[in-house]
Structure formats: structure tokens, C-alpha cells
Amino acid sequence: MTRPKPVALCILDGWGLSERREGNAPLLADTPNMDRLMATCPHATLTTFGPDVGLPSGQMGNSEVGHTNIGAGRVVAMDLGQIDLAIEEGLFAQNSRLRAFIVTLQDSGGTAHLMGVVSDGGVHGHINHMIAAAKALADENIPVVIHALTDGRDVAPRSALGYFETLQAALPDGVEIATVTGRYFAMDRDNRWDRVSKAYQAIVTGTGRKAASASDAVDQAYGQGENDEFISPTVLGGYTGAKDNDGFFCLNFRADRAREIMAAIGDPDFTAFETGARPKWASLMGMAQYSEAHANYMTTMYPKPEIVNTLGDWVAQQGLRQYRLAETEKYPHVTFFLNGGEEVSFDGEDRLMPKSPDVATYDLQPEMSSKEVTDAFVAAIEEGYDLIVVNYANPDMVGHTGDLQAAMKACEAVDQGLGRVLAALEKAGGAMIVTADHGNCDVMIDPETGGPHTAHTLNPVPVVVVGAPDGATLRDGRLADLAPTILHLMGLESPKEMTGKCLIS
């Protein structure tokens, strides 16, 4: 048979499948192009959570996990499960890099500053990791303060008080919460440095809104209409900022939303905003490696495993050309995460990153930059690349706002783009897999509370093959099966490291 060219992978980020109509943006939206694909093309479903993507049972998937598994073509054991197991087996406190952090602070006489998301969402961090780290340090008589990042995005929008109750009941005597900051400020990934600056000032200099306690900070925020995600950086009690010889440990294990705040705290060449005189840190550490640049000034408790012969690497080894495309909110996912944690592009790999719109929240502009992404997608098809990987951010990013009407508009914007892409693909004689990395906007109303649902879901996601061989059918599978399927469409054998199986029969 004639091999299609290009072969494209189109990831509709956060587009899950559910038969429940209430709050189901993809089902309620007007999406004629996606409807046509589901009616006329081979399709099935993929599992994007739990052990099928290297996470603990019942743990929802996310974009980092999803794109890592997609690119690897195998199930990749993720940081959450690795850290959970170490805590369960009593090995967390014995970690050699944590021990080195402890010894350094014993020598310097400084305080350990622990920063991380305080929830059990498990997407960027976990409250249990905060508790384990605080205990490990306090057991060695290291003074500990906590910089709590409230979630409200991967968990219910107003759930922080319960998490603080859990945290404070488990913390050793003497460990204090020094600041409370909504993740909107401290966990930005789109160069919104005005937000990051406010988080930095509270955490490092002790400057910001004041409250007597964590619960007071939350009550104060709710009184001003701020949900957990948006709590203004708040300084508690008598905290006056970090000092020379202190140490800083970021407990978030996901890289993309830890990079900016940690660069502000520790990068010697940081210039994005005026930090003032920073403390002379005795030690800086992250739960995971946030980037190769970060590794120049901070250590890593759990270094990333090497993932060889990823989809992009394997295609490059065959001398073929590939193209990666996403707006800034999802750009790391189709590059860094899809490439198994490699920052540098492979030979023959071109990239484009349209800027995400400069709005406070994406329900205000649910189309985001989908038109620019579609324009570039169509141009890449016409350019003659062998492989194109594209992420549409809208269903996920707007899904996180909890606004059903906006999420429907997001799905419709993506579907309109899909129509243009399909026309260009048919003209070029290409093939395409349309899928998602996890669910999100398929549940916009919490079935238990009736309030907004802002987190990812445990629903399956669609997988559709456009331009499949005649008579082809698809089986249900998992994200690790996508790379072998793409390589099959390209007429390439899979490398032996890819244990995923082709979905086409």
C-alpha cells in the first residue's frame, strides 16, 4: 500500500468520553467534524490513568504523564508512584540526596523551607510528600517552615481548609506554615512574571497580605471571592522571609509548573523581574529535575530515568522530518515530555509555539490560540513533514476553569480547526490519529456537590484513525500504544524498547 504522508498525531488535551450528558462539554458542544470522524472512521478508547500510565491505582492522569507515555511507547513509572512507595517502605528519609540536604543545613544552621502543593490531587505534588519531608527534617532537628501552595484545580475549588487540617494534624511540633499562596501565582508556566513575583515576595521576603494562620488566610481569601487556586500570596504570623544559610526544597515533582518560581528563587542569572537581594542559600533541591538549566544550581531528590528510543528519537534516526506544535500552555508537553525529558530537539525536528492569550483565566477567551495552531498545522501538512504532533490546549485549560459554557466553546473552537486540518490532510494524502492525553471537560459539574468540577477525570478518551488502511479496525488500549500505531502508519518498525502494541488490526 502507499504510505500516507504526513502522519499526524492530534492531541485534544482534556477531551474525555462519558455517556452522562450533564456537564459534558464535548457531548453538549456543536462538534460536527469530531462527530463525523466518530461515525465514519475506525475508533476505540484509551485508558489514561492508573497503572496503565505508570500511576497508582485510581490516580487520574495528566498532561505530563500522558505525553511521556505517548512519546515513550511504553508504560513509564511516574514520580508519584515512586515517591509514594519510598514513603510506604520507610525509605524516603534515607534518600541520599535528602540526607545531603540535611547535612548541609546541620552545618549551616539554617532553616529548611519546604514548598509544595497542599492537596492529594497527585498531579504536581501530594500532601503526603510534604508531611514525610517535614518529618524527615524535623527528626534531624532542622528548623522547618512550610510554604503552602493551595490547589483548587486538581481537587475541588474550595477544599483547602480540609487539607490544612490534615497537614497541621500530621506535622511535627515546631513546624510552622509560613505562607499560603494560590497556585495561580506560584505555579505559572506561561511567563506571567507579575504573578510569580507576588509569590516570590511572600515566600522569600515575607512581603504580602497578612494573616494569623493558614485557615485565616483561606477564610480571608474566600471573603474576597478567591477560590483556592487564586488565593493571594499571604504571609502568616511573624514570618519575615528567608535568611542566608537557609535551604529550600520544592516538593512538586512535575517540572513545568515548578520551573518559573524556582528560577526566581535560585537561578543566578535570573532577570525576569527584580528580586532584590536574595538569600545566600546553603542548598536548593527539587523533588524532580525541572530542567537541565535548573540542574546547574539545584540538586534533585529523584532524578529522571533515561527513556531511550522515544517516538521522536526513533523517527529522527530514520532520517525523517517531524514537526511539533502547541501554544505556550502545552508547548513543553509536545517537546520536553514527549521526548522523554530531553530539552533539545532531535535532528529534523522543527517546532512552533504560538503564544497563549494574555487573559487572567481562559474561560474569558475559550478559543485561546487555536486559530494560530490550526494555521500552522495546515501549513505543516502542506510543507511535507513525515510526522506532525499537535496539541490543542483548549478542552483542558478551559475545563480547569469549571465554566461549562466556556468549555463547550473551547470544544467548538477546536472542532472548527479540526475541519480545516482534515481538508488539508485529505488533499495531501495523509493519515492522522485524533486522541487525548486525559479527560477533563467531559465532567464540568461535580456529580456529588453540583458545583463546578475543575479536575481531570477517570473517563476513557477517544482514539480515531483518519486515513486508515481499508478494512482496518481499532482495539481499545492505552497511551503507550499510540507510538507503535503511528510508526505502523509510517511504515516503520518499532524499537524493541517500545512495549506498547499497535492499535490497528
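Cβ coordinates come from backbone N, Cα and C, glycine included.
Per Swiss-Prot, active site, phosphoserine intermediate is recorded for Ser63, and the stated evidence type is sequence analysis. Non-local neighbourhood of Ser63 (active site, phosphoserine intermediate): Asp13, Lys330, His333, Phe337, Asp396, Asp437, His438, each in the same chain, at least six residues away, with C-beta under 8 Å from its C-beta.
In the three-state DSSP reading, Asp437 (Mn(2+) 2 binding site) counts as coil. For Asp437 (Mn(2+) 2 binding site), the Cβ neighbour count at a 10 Å cut-off comes to 32, with all displayed protein chains included. The annotation Mn(2+) 2 binding site is assigned in Swiss-Prot to Asp13, Ser63, Asp437, His438.
Here Asp154 (substrate binding site) comes close to Met60, Asn62, Ser119, Gly121, Gly122, Val123, His124, Thr454, Ala455, His456: these same-chain residues lie at least six apart in sequence, with C-beta atoms under 8 angstroms from its C-beta. For His124, Arg153, Asp154, Arg183, Arg189, Arg254, Ala255, Asp256, Arg257, Lys330, the entry in Swiss-Prot reads substrate binding site.
DSSP gives His456 (Mn(2+) 1 binding site) a coil state; it is part of no helix or strand. The Mn(2+) 1 binding site annotation in Swiss-Prot covers Asp396, His400, His456 and is backed by sequence analysis.
Across the fold, the C-alpha of His400 (Mn(2+) 1 binding site) and the C-alpha of Arg257 (substrate binding site) stand 15 Å from each other.
In the structure as shown, the Cβ atom of Ala255 (substrate binding site) sits within 10 Å of 24 other Cβ atoms. The DSSP secondary structure for Ala255 (substrate binding site) is coil. In this view, His400 (Mn(2+) 1 binding site) is surrounded by 24 other Cβ atoms within 10 Å of its Cβ, with every protein chain counted. Each of Ile11, Gly14, Thr48, Gly61, Asn62, Gly66, His67, His333, Asn391, Asp396, Ala436, Asn440, His456 belongs to the same chain as Asp13, Ser63, Asp437, His438, is absent from that list, and has a C-beta within 8 angstroms of the C-beta centroid marking the Mn(2+) 2 site.
Taking Cβ-Cβ distances under 8 Å and a sequence separation of 6 or more, the neighbours of Arg189 (substrate binding site) in its chain are Asp256, Arg257, Arg259, Glu260, Glu329, Pro332.
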